[in-house]
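According to TrEMBL, the features are:
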- E188: active site, proton donor (ACT_SITE)
- D320: active site (ACT_SITE)
- E431: active site, proton donor (ACT_SITE)
- E453: active site (ACT_SITE)
- T537: Ca(2+) binding site (BINDING)
- 48-75: coiled coil (COILED)
- C385-C417: disulfide bond (DISULFID)
Amino acid sequence: MARTRSSSSIRWRYVNPAYYLKRPKRLAILFMAFVSISFFVWDRQTLVREHEEELLMLKEEVERLQNELGELKHEDVSYTKTNTTAKKIDVTKMDGLVIDPIEAQRREKVKDAMLHAWTSYETYAWGHDELQPQSKNGVDSFGGLGATLIDSLDTLYIMGLDEQFQKAREWVANSLDFNKNYDASVFETTIRVVGGLLSAYDLSGDNVFLEKAKDIADRLLPAWNTPSGIPYNIINLAHGNAHNPGWTGGDSILADSGTEQLEFIALTQRTGDPKYQEKVENVILVLNKTFPDDGLLPIYINPHRGTNSHSTITFGAMGDSFYEYLLKVWIQGNKTAEVKHYREMWETSMKGLLSLVRKTAPSSFTYISEKIGNSLIDKMDELACFAPGMIALGSSGYGPDESRKFLNLAEELAWTCYNFYQSTPTKLAGENYFFHSGQDMTVGTSWNILRPETVESLFYLWRLTGNKTYQEWGWNIFQAFEKNSRVESGYVGLKDVNTGVKDNMMQSFFLAETLKYLYLLFSPPSVISLDEWVFNTEAHPLKIVPRVVPGEERKLNNIRVRTRKEGRFGGF
């Protein structure tokens with residue numbers, strides 16, 4: 001008993017605070033043990049809590065995706081009930097590929113935007129060139145050629161909007177009349193009307209579009225009857241009288257003179273008539289005779305002598321699409337020896353472009369400056385944002401090192417163009433930007449007229465790299481258009497991207513280009529494959545077919561293009 005009491009007394013003294021106050025070392029050891037145990041318990045509780053939070057977040061994400069998929073299926077079923085021409089899309093399989101349901105949902109949202117734009121045009125501006133959504137009326141910006149209708153044909157077809165496409169086709173067949181006493185832009189008429197009709201023909205195989213394309217092209221041809229073969233840029237559609245705008249001092253514009261090749265070569269290919277191809281290819285031969293070492297041409301050309309006038313060098317307005325067509329005619333021509341000089345001229349121009357590339361401070365945004373004489377101007381148009389896509393498209397024609405260099409440049413420029421949008425309160429880009437030391441970029445001309453160039457480049461970069469970041473950027477831009485430009489009766493531009501004040505015009509290229517490129521950005525690569533089609537500068541896809549040598553008798557107007565029902569667009 002005595003030993004038991006003694007052992008008990010010894011054990012109890014360890015819980016007596018006085019015991020430890022007399023023994024500091026043991027107090028320290030006890031404190032350290034207490035802290036360690038506390039940290040261990042706290043850490044385990046934290047891990048359990050974090051694990052529970054992660055499980056909850058994953059559960060919420062799964063529920064969100066299930067809800068979005070359910071909404072998509074519900075929208076698709078409802079849409080099919082209300083529109084008998086819409087084809088139900090299998091969001092899990094298309095062309096044998098597994099499709100991201102988010103991509104499918106975004107594609108449908110873009111189609112909804114197209115339907116809203118088209119229905120508004122159909123209601124308030126049918127047959128006119130463009131819709132003024134705010135005042136709900138049509139205007140004839142291009143002489144009453146139905147520019148929006150023709151520009152939209154291939155977009156309607158690609159999206160599977162057959163009822164709308166057929167109604168537009170009937171208007172083209174029965175109401176489209178080019179015999180107008182109107183001074184038309186050769187450039188705008190070619191890229192919108194000739195290009196739009198040829199694309200509709202290539203997609204549908206309907207000969208009415210080819211016949212109309214020949215009609216308008218024949219009315220444009222006298223513009224090339226100049227001493228040098230460099231065309232005048234304005235022509236009267238009824239009388240064939242051609243001239244240049246007064247404000248150019250009698251000169252022709254580089255982009256206006258060098259952006260008809262794709263369409264007129266395609267017309268020769270589809271009709272077997274060499275006259276169209278001969279006229280436009282002669283322009284390139286003339287320019288190639290005095291092509292500069294840096295491949296950069298001023299924006300004005302004398303149509304009598306075929307020589308350059310001292311003026312601005314730019315990849316923006318009035319210069320842009322000349323460089324684009326050098327590359328794309330090479331692609332259209334199957335990259336053969338017959339079109340080798342186009343590729344050579346383009347590569348020379350890319351060397352010149354590198355001399356214009358600059359970076360901002362402090363963010364190192366890459367941009368393409370402009371040039372007047374020997375002076376560089378730190379300005380870049382939003383129009384020049386086609387260049388990242390063009391450079392990416394042409395990069396594969398180089399060897400491995402050069403290809404990587406140009407693809408990197410394309411990606412850097414695309415980042416800058418995307419930030420044109422992100423830098424404004426509306427998240428929509430201004431018309432041009434200036435760059436100042438230490439200030440990165442500032443908006444110059446602050447309107448936005450629904451332009452497509454940045455989205456175009458995002459489309460090419462996504463197709464060529466598979467990087468979904470470009471889809472995210474495109475979706476952000478689309479949402480900004482939806483927020484700021486969608487109105488009750490269509491879409492409008494902004495007078496000022498800083499204030500969001502709206503204008504009163506739905507540009508035809510919004511339906512032809514902006515919405516089409518957004519739709520294709522969220523579509524499988526087999527939809528208008530870049531291996532089979534080449535886009536003109538108005539985003540009208542033209543089928544790549546065997547090139548016709550001028551003088552050949554063979555006819556290609558019976559080219560058979562597989563329709564969507566035969567599986568080209570994977571169920572679209």
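Here the Cβ of each residue, glycine as well, is placed from N, Cα and C on the backbone.
C417 (disulfide bond) has E453 nearby among the recorded positions E188, D320, E431, E453, T537, counting only those with a Cα within 10 angstroms of its own Cα. Within 10 Å of the Cα of C385 (disulfide bond), not one of the recorded positions from the list E188, E431, T537 places its own Cα.
Here the Cα atom of E431 (active site, proton donor) is found 11 Å from that of E453 (active site). Shown are the recorded positions C385, T537; the one with the most C-beta atoms within 10 angstroms of its own C-beta is C385. Taking the C-alpha positions, the distance from D320 (active site) to E453 (active site) comes to 11 Å.
For E453 (active site), applying a Cβ distance below 8 Å and a minimum sequence separation of six or more within one chain yields E382, L383, A384, C385, F386, C417. In the structure shown, the C-beta of D320 has more C-beta neighbours within 10 angstroms than that of any other entry among the active-site residues E188, D320, E431. Within 10 Å of the C-beta of C417 (disulfide bond) there are 30 other C-beta atoms, taking all protein chains into account.
In this structure, the C-alpha atom of E188 (active site, proton donor) lies 10 angstrom from that of T537 (Ca(2+) binding site).
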